Structures are given as C-alpha cells and as structure tokens.
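Student: So Swiss-Prot lists these for the protein:
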type	residues	note
BINDING	Q167, K341, R370, S371, K392	(2R)-2-phosphoglycerate binding site
ACT_SITE	E209	active site, proton donor
BINDING	D246, E289, D316	Mg(2+) binding site
ACT_SITE	K341	active site, proton acceptor
Amino acid sequence: MAKIIKVIGREIMDSRGNPTVEAEVHLEGGFVGMAAAPSGASTGSREALELRDGDKARYLGKGVLKAVDNVNGPIREALLGKDATAQAELDGIMIALDGTENKDKLGANAILAVSLAAAKAAAAAKGIPLYAHIAELNGTPGQYSMPVPMMNILNGGEHADNNVDIQEFMVQPVSAKSFREALRMGAEIFHNLKKVLKAKGLNTAVGDEGGFAPNLASNADALAVIKEAVEAAGYKLGTDVTLALDCAASEFYKDGQYDLSGEGKVFSSNGFSDFLKSLTEQYPIVSIEDGLDESDWEGWAYQTQILGDKVQLVGDDLFVTNTKILSRGIEQGIANSILIKFNQIGSLTETLAAIRMAKEAGYTAVISHRSGETEDATIADLAVGTAAGQIKTGSLCRSDRVAKYNQLLRIEEQLGEKAPYRGLTEINAKG
C-alpha cells in the first residue's frame, strides 16, 4: 500500500501572472508527487468551478487561498492514510466531500491538483514513469503512442490583443516519422512565420500560448501567412503539414449570430458553418474546434452533416470533458472528437472516463493545455499513457508550453518503437 502521510497545498503563479493551486502528496517510503492546476481564458459555461477568492485587494480578486485552504484542510484530512495507487477511490472521496455538480465547494483547482499529485506519487512508489501508471489506470497497460502536436503558431480571440477573431491557427506536422521530427518541423515553420510577418511589417509579439498575434485584415489572411511560412520552411502544405483551427466561437456568438468583428462580417449559425466549409476548400484544414457556440446544438448538427466526414470536429466548450454531455453528443451524432482538459472536469479519474467514452464511440480525443499554464507537464504523460494520438500545448516559445514538448521528447527517448508516431492516421481515426 502506498499510504498517504501528508498533503500540502500552496498558491503559485501561472503563465499569465495569476495565482493557481499547487499540491504535494507525500507517501510512506519518501515518495512525493507534485502537480499544479491550469486555468483557461475562453471557458465553457459548464466547466467545473475554478475557486477564486474574489478579494479585489489581492491579485485583483484572483487569489486561490480558499482553494489552498481546502487542500490543507478537508481534502488532507479525508485522504490521510489512503492508498495513493487507488486513484478512483481517492478522486471519489474528494468528489463526495465536495458534493456539488461542478465542484464549487472545494474548487476543481483544489481537487485536480491533489488528484494529479497523488497519481505522480503513486507512480514514484511503483517505480514506473507517470505515463505507464496512467496507462494502467486507464486499463490499457503498455499501450502507448506519441501524439501529433497541434501547434498554435498564430493566436487571436481571447488569447491575443489583436483583431483576429478565430482564436487559434495551428499546424500539424503529419509526415514526420517521430515526435522529435514533428517538433523540429513545427519549430522551423514557427521561425519562418516570424520572418514572413516581419517582411510584411506585421507585429511579431506573441499571445498567451506563444503564437504570433499580428493584426490581419481577415481570418483567411492568417491562413495565407501560415501557408507562406510552411513553404518557406521547405514543407508542402497538405502533404507534410495540415492545418487546424480553434474558433472558440462562443466568444463571438451574440444574439444568435456569429460576429467576426475583426473583418466586419456577421453570420447566421448555418452561414458560419458554410464559411468554415469554404475555408476547408481553400486550405488543408483537417480539424476545427468549437466551430459553433456551446449551446447551438442545432447548428452543430448541421456543421457535422456538412463537414463531419472530412474534418475532425472537436468539442471543447461544447463537451467540457464531461461524460454526461459527451454521451448526449454521441447519441445525437454531434461532432466527432472531444478536447480533453483536466481542469474542465477536475479529476484524473473523470478525465480518463471521458477519453474512454470518446474512443469507444469512435470519437478522437485531443489532450489539451489551458492558456494559463505552469511548468507542470502532466498532459504529456496523459497523451502517451492513453495513446490519445493528439496534443494541443501551444507554440514553440514560452517555457510553460515548451515544458510539455520537452517531456514528450524524453518519453519518446525512453519508449522508442513502443510508442509510434502515426501522423495523419490519428486525426483520421474519427468514426
């Protein structure tokens, strides 16, 4: 038994200069796990609650001392003496202790930090890497793959202070034979994009996730400069590299319409889906995330009908890593992929359940960071340990993003051929 003897919570800083929760779980034998909760900017209304203090005199109300107190108080008391390898039991205890639908009593940030720290401590006690422990918890021991990175090299929306409405423009290095090669391809495209933007007299400052954030005349212009960068790097768009979008459409959904204020266009629900379809006909866009508002289920049905057989349609705000909402989507044939964010649901056990449900239904699962991150690289181990096949963890700068890429490099070095990089096959795995 990997007995828990100490649980510690503390307030640390995230990549946007806001506080977040870090937890340590100590076991008999000197084993320790430490993890931090991330934080989102564009958030779904049905996400588990991130508990903030609300004291405007301290961190502008964004302090997390209440959540930290919950770690050091009731959560600690409930978990002392428990077996850290019994992840489902630990998470169940914390969920029951909270007793609310969205974890608003203890805070999803408090529960998640402890949940992940316990998993890390358990892996240490078992003498195995975290990804191997996650694979065992997932019921898929020894089944690994290296994820295709969806690299957010141009930022807009809530992630940048510019006029681009679509939140993320991503490249996927699909012709690579390994993750290491994919990362190199992405880095070369990133550096070439900087040159392309500079040559056009455009801003090369970066957004929350490390992508460039220039002002552009239209969303199509963003795709055009990325195409130029891909070709300048010596790669062929559509063969070596494919494109992905995160529209985060809930952020510009107003009064039943989709308002692209950056380019002065307003669309109906079906009209915006038709607009996205036209972009996929001009560029090799193989994945679109949150192409409509989280509440626009009728519109999602239309978008799935016109794009679902050709494009990976990812539900982020739509599904919020929640099996209840995902099961409704599966039943109605809405989208064909789910974005997986630990802190949307608030525990490792519930996260694994969402990944399993998606895969069993023929949906793909894309593991994701948040725009507010720390140096914690747990999502890298999650992606490999569940063989999810795809990961979103930002651009090729900002150490909070690169930490995840570097952890994936280490894991690939350890696993070698046991963790294949499958490229476009992963994206085409949708049902």
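Cβ coordinates are placed from backbone N, Cα and C, and glycine is handled just like the others.
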Student: Using C-alpha atoms, which one of the recorded positions Q167, E209, K341, S371, K392 comes nearest to D246 (Mg(2+) binding site)?
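Tutor: Nearest candidate: Q167.
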Student: Work out how many Å separate Q167 ((2R)-2-phosphoglycerate binding site) and E289 (Mg(2+) binding site) at their Cα atoms, rounded off.
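Tutor: Roughly 10 Å, rounded to the nearest whole number.
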Student: What are the other residues, in sequence order, whose C-beta lies within 8 angstroms of the center of the C-beta atoms of D246, E289, D316 at the Mg(2+) site?
Tutor: Q167, E168, L245, C247, A248, I288, D290, V314, D317, L339, S368, K392
Student: Write down the Cα-Cα distance for R370 ((2R)-2-phosphoglycerate binding site) and E289 (Mg(2+) binding site), rounded and given in Å.
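Tutor: E289 (Mg(2+) binding site) and R370 ((2R)-2-phosphoglycerate binding site) have their Cα atoms 14 Å apart.
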Student: With an 8 Å cut-off on Cβ-Cβ distance and a minimum sequence separation of at least 6, pull the same-chain contacts of D316 (Mg(2+) binding site), or say none.
Tutor: G44, D246, A248, E289, D290, L339, K341, S368
Student: Among the recorded positions E209, D246, E289, point out the residue whose Cβ has the most other Cβ atoms within 10 Å, with all shown protein chains included in the count.
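Tutor: Highest number of other Cβ atoms within 10 Å: E209.
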Student: Find the longest CA to CA distance in the recorded (2R)-2-phosphoglycerate-binding set Q167, K341, R370, S371, K392; express it in Å as a whole number.
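Tutor: The span, Cα to Cα at its widest, is 17 Å.
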Student: Should K341 ((2R)-2-phosphoglycerate binding site) be counted as helix, strand, or coil on the basis of DSSP?
Tutor: coil
Student: Among the binding-site residues K341, R370, K392, which residue has the fewest other Cβ atoms within 10 Å of its own Cβ?
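Tutor: Selected from the binding-site residues K341, R370, K392 on minimum Cβ neighbours within 10 Å: K341.
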Student: Highest Cβ count within 10 Å among the binding-site residues Q167, S371: which residue is it?
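Tutor: When each Cβ's neighbours within 10 Å are tallied, Q167 leads.
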Student: How big is the Cα-to-Cα gap, in Å, between the residue listed as 'active site, proton donor' and S371 ((2R)-2-phosphoglycerate binding site)?
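Tutor: For the residue listed as 'active site, proton donor' versus S371 ((2R)-2-phosphoglycerate binding site), the Cα atoms are 6 Å apart.
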